[in-house]
Amino acid sequence: MTQYSSNNDVPYSRVGDDEVPSSPKAADKIRKVSMLPLVFLIFYEVSGGPFGVEDSVNAAGPLLALLGFVIFPFIWSIPEALITAEMGTMFPENGGYVVWVSSALGPFWGFQQGWMKWLSGVIDNALYPVLFLDYLKSGIPALGSGLPRVAAILVLTILLTYLNYRGLTIVGWAAVLMGVFSILPFAVMGLISIPQLEPSRWLVMDLGNVNWNLYLNTLFWNLNYWDSISTLAGEVENPNKTLPKALYYGVILVACSYIFPLLTGTGAIPLEREKWTDGYFSDVAKALGGAWLRWWVQAAAATSNMGMFLAEMSSDSFQLLGMAERGMLPEFFAKRSRYGTPLLGILFSASGVILLSWLSFQEIVAAENLLYCVGMILEFIAFVRMRMKHPAASRPYKIPIGTVGSVLMCVPPTILICAVVALSSLKVAAVSFVMLIIGFIMHPLLNHMDRKKWLKFSISSDLPDLQQETREYEETLIR
């Protein structure tokens, strides 16, 4: 493939240069995403509401579930969001974390990062039609299995894919409306539950009866993917200021969207752990407010899954576009529609969702978590390496810690990653290993196609010349 740098340590911005390189001119004509839609895009990249957290109570009981969603953000979510804010403003283009890793570790590992994160994103997106139908099947039993379920998945995927094709600003404002609608029933449920709350129910814990694999995977899945928004950085209005603020507000919104519904559900209803599975919040709503509140929660769940699908597909497809603009994928992946959206990226992501949607919820979560873990390790290494090798490079947003602090900040989430990997089943580990091997094969294969001119690879002339940036950076250091 056409490589954008012969140097593995490529700083994006010159030392002392606070100006952000412009995004591709073709994209400049498209409306950029502003603060509020960006916050809700982050909300849907990571969360979408409390739908899917029920398994944490099933696995570990109320106390550990609540503690998990209070403590886990400090171990994982906040460090990942901070790294995304620093690296996303240092590299404000649609390649996102792919460019981070490529700049720090070289094009081979950058490509592996892109493959693993795209694949984990597509696997993640395959969850949302499953969750959508799981919430509706209690009211429409025909959607539980068979041809009606398959047809529903296909129709839903096609409709949401078309909406993604129509433009990121439409997706962003749709995310705002969907987010408000998805959060409101839990606010109402919380108010109704106040007279029935028994705080002692929150303290129930049985350490001898904890499914640690399910517990950690549920926490991990519901509180990761903060870095996904980096692949949309080239579409954001004034990313230097907007991206860090949006991540800050996103962390608060996500944490509250989990903790308060869990407090309501576990505090106002007698505990029956075996019932806390996907969709149980609709039963909690019926017990507290009646059938009307149950239907509202089910509608909110369906809406939330549509929002998560839209946000994830945007991230995945723009990542492929960003990789093509850097010469890491064939040039045709960089082609945009008249709405500014990546045509092939959307089609590839939608195809992956359809192919993977037959898997069960827990299988999907475990498989995408493992691939995501490997990608995050590469991001942590890239973050620390850039801090060590290029400490003076321009960082519009910089975490207020030194090199040692940056290393220490990555230690707790790395330990958590090791725990998630260690608890994975052999089946999931084997599938993930095969996917990694495919990535190792694809990179030299694409290089070969480039050398033989079988496919056209090119670097967008509207992106900064990182080779020139490297030379100027080194000259600055010599002076």
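Even glycines carry a Cβ here, placed using N, Cα and C.
TrEMBL does not curate its annotations; it predicts them automatically.
Residues or ranges marked as compositional bias 'Polar residues' by TrEMBL: 1-10.
The region 'Disordered' annotation in TrEMBL covers 1-24.
According to TrEMBL, the transmembrane segment annotation covers 33-53 (among others).
Marked as transmembrane segment by TrEMBL: 59-83 (among others).
The feature transmembrane segment is assigned by TrEMBL to 95-111 (among others).
If you look at the transmembrane segment (140-163), the same-chain residues 6 or more away from its ends with a CB under 8 A from one of its CBs are 129, 132-133, 170-171, 174, 306, 309-310, 313, 346-347, 350, 353-354, 357. The transmembrane segment feature in TrEMBL is assigned to 140-163 (among others).
Under the heading transmembrane segment, TrEMBL lists 170-194 (among others).
The transmembrane segment feature in TrEMBL is assigned to 246-271 (among others). Beyond the transmembrane segment (246-271), the same-chain residues lying 6 or more positions past its ends with a Cβ under 8 Å from any Cβ of the stretch are 35, 38-39, 42-43, 46-47, 49-50, 53, 56-57, 61-62, 65-66, 69-70, 73, 77-78, 81-82, 84-85, 183, 186, 189-190, 193, 196-199, 201-202, 204, 222-223, 226, 229, 280-281, 284, 287-288.
Annotation source TrEMBL lists transmembrane segment at 343-361 (among others).
For 367-387 (among others), the entry in TrEMBL reads transmembrane segment. Long-range contacts of the transmembrane segment (367-387) within the same chain, counting only residues at least 6 positions beyond its ends with a Cβ under 8 Å from a Cβ of the stretch, are 9, 11, 80, 83, 86-87, 90, 97, 100-101, 103-105, 109, 112-113, 116-117, 119-121, 123-124, 127, 217, 220-221, 224-225, 227, 359, 393, 403, 406-407, 410, 413-414, 417, 420-421, 424, 428-429, 431-432, 435-436.
Look at TrEMBL and you will find 399-422 (among others) tagged as transmembrane segment.
Annotation comment: TrEMBL describes 428-446 (among others) as transmembrane segment.
For the transmembrane segment (399-422), the list of distant contacts is 75-76, 79-80, 82-83, 85-86, 216-217, 220, 369-370, 373, 376-377, 380, 383-384, 387-388, 391, 429: same-chain residues at least six beyond its ends, Cβ to Cβ under 8 Å.
Sequence-remote contacts of a segment are chain residues at least 6 beyond its ends whose Cβ falls under 8 Å from one of its Cβ atoms, and for the transmembrane segment (33-53) they are 65, 69, 77, 127, 131, 135, 168-169, 171-173, 175-176, 178-179, 182-183, 186, 218, 221-226, 228-229, 232, 235-237, 242-243, 245-247, 249-250, 253-254, 257-258, 261-262, 278-279, 281, 300-301, 304-305, 307-308, 310-312, 314-315.
Remote same-chain partners of the transmembrane segment (59-83), defined as residues 6 or more beyond its termini with a Cβ less than 8 Å from a stretch Cβ, comprise 46, 53, 201-206, 209-212, 214-215, 218-220, 222-224, 226-227, 247-248, 250-251, 254-255, 258-259, 262-263, 266-267, 271, 273, 376, 379-380, 383, 399, 409-410, 412-413, 416.
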